[in-house]
Amino acid sequence: MAIILPELPYAYDALEPQFDAETMTLHHDKHHATYVANTNAALEKHPEIGENLEELLADVTKIPEDIRQTLINNGGGHLNHALFWELLSPEKQDVTPDVAQAIDDAFGSFDAFKEQFTAAATGRFGSGWAWLVVNKEGQLEITSTANQDTPISEGKKPILALDVWEHAYYLNYRNVRPNYIKAFFEIVNWKKVSELYQAAK
């Protein structure tokens, strides 16, 4: 067995105009595919550890040292992107009532949440991700990680993810990351967010 690159759940151009087809093609077929290939190459060196990336990245000390950083970077990259694709929707969706209530409880209002999430995504220096997670106490929390680090390694369960690596937006938005973040909120798959939230609580 090996880690497989998942197909996108929609066409490459399905998220236009927010996310253009060229970016989606490069992002999925090149960047994500490379993370998968590098992950498989690392796992082949240590077949004894298995292939459950969520379990491995939940406690990175259990990963053999010679492949640890490779798996943090590439295994994390695979998990992060596999989740990211599912969190995007070609059809505009309203926030589900359960998630809306949880966001109100945690942040005061949806606008306040959006502001804090945008700040986390804008403020991430260099490459990384912005996240809405369910923390160990079962509460919603906004966080960001560098590179391809995953909140799973901190015992948190991601329910919304935004890739802020330049390869995710530079062709369309150049260096204006805030415009990319604004576009992201127009294509969030809130049904998937709700599904993840219910499973994580």
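Along the chain as shown, the residues are counted starting at 1.
Heads up, the Cβ atoms here are built off N, Cα and C, so glycines get one too.
Copied from Swiss-Prot, the annotated features are:
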- HIS27, HIS81, ASP163, HIS167: Mn(2+) binding site (BINDING)
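Taking the binding-site residues HIS81, HIS167 in turn, the residue surrounded by the fewest other Cβ atoms inside 10 Å of its Cβ turns out to be HIS167. Sequence-ordered, the extra residues of this chain that approach the Mn(2+) site, with Cβ no more than 8 Å from the Cβ center of HIS27, HIS81, ASP163, HIS167, are HIS28, HIS31, HIS32, PHE84, TRP165, ALA168. With a 10 A radius on its CB, HIS27 (Mn(2+) binding site) counts 23 other CB atoms from all the protein chains. The Cβ of ASP163 (Mn(2+) binding site) has 23 neighbouring Cβ atoms from other residues within 10 Å, across all protein chains displayed. The secondary structure of HIS27 (Mn(2+) binding site), as reduced to three states from DSSP, is helical.
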